[in-house]
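Novice: The structure is given below, and queries will be raised subsequently.
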Amino acid sequence: MWIAPWCLAASSTSVARPRFSYPVAGNTTSPQLPEPSLFSRNMERTFIAVKPDGVQRGLCGEIIKRFETRGFKLVAAKFMQASEDHMKNHYLDLKDTPFYAGLCKYMSSGPVFAMVWEGQNIVKLARMMLGETNPADSKPGSIRGDLCINIGRNIVHGSDTVDNAKTEIGLWFKAEEFVAYTPCAQAFLYE
Ligand code: IDP
Ligand code: MG
C-alpha cells in the first residue's frame, strides 16, 4: 500500500511537505486548519439511545448512520439491558403519567444501544432529527417519521434540553467510558 509521505512520521524533516496538510486520524490536528473552540461554538453533548424496539428491528445501524452522516461525533457507546429501576430514574419526570409503569417495564425488557454524541447545538438538532414523540406527527425525513408508527414504540430516545442531556449522560455513563479523539473531518465540519 502506498502511503503519502506527509502521512508518515511527523518528525521526519527529510520529506518535502505539501502546501496543504490533510488532517489525519488520531489525536493530531492539521497545522493549517485550526481546531474549533469547544466553548465559542455551542459544542454540546446529548444522550441518544436506540430503544428495545429499535434494536429488535435492526435499526441501530440506520440510527447511528444518521448521526454520523450529519457530522456528529460519537464519544461513548454501549450495548446493554437496563434495569427497571434505572428506567424509572431515567423517566422520573413522567412518573405521574398513565404510561410511566409500562414505559419503564418496556424499556428494561430488552437490549438498548446507549450513546453520547457531540456537536454544535446537538441537543436541538438531534431532537429535530428524531422527529416528534408521536411518530404520526413526525415529518418524513426524521428518524421517527421514516421508521416507526406508534408512540409507545418510537425506537429512539434523545435528550430534550442541554441540562437534561447532562443529567442523562451522568445516569448512563461513567467518565472512563468516554473516548477522547479528534475526528479527521472535524476541520471540514466547523469553520
Ligand atoms: P420523547 O421521547 O419524545 O422525549 P417524552 O414525552 O419524554 O417523549 O416521553 C418519553 C417516552 O414515553 C416517549 O418516547 C414514548 O415512548 C413514551 N410516551 C410518551 N407519550 C406517550 C403516550 O401518550 N402513550 C404511550 N407512550 C408514550
Ligand atoms: Mg423526553
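Glycine residues also receive a Cβ, built from the backbone N, Cα and C atoms like all the rest.
Just so you know, TrEMBL annotations never went through curation; they're auto-generated.
Predicted, not measured: the structure shown is a model, and the values here were computed from it.
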Novice: Quick one: which of Asn42, Asn121, Asn154 does TrEMBL put in the ATP site with Lys51, Phe99, Arg127, Thr133, Arg144?
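Specialist: The candidate from Asn42, Asn121, Asn154 that TrEMBL ties to ATP along with Lys51, Phe99, Arg127, Thr133, Arg144 is Asn154.
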Novice: Validating a neighbour-count step here. Other CB atoms within 10 A of the CB of Thr133 (ATP binding site): how many?
Specialist: 13
Novice: Enumerate in sequence order the binding-site residues Phe99, Thr133, Arg144 whose Cβ-atom distance to ligand 1 is under 6 angstroms.
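Specialist: Phe99, Thr133, in sequence order.
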Novice: Please report the distance from the Cα of His157 (active site, pros-phosphohistidine intermediate) to the Cα of Lys51 (ATP binding site), rounded to the nearest angstrom.
Specialist: 7
Novice: Using DSSP reduced to three states, classify His157 (active site, pros-phosphohistidine intermediate) as helix, strand or coil.
Specialist: strand
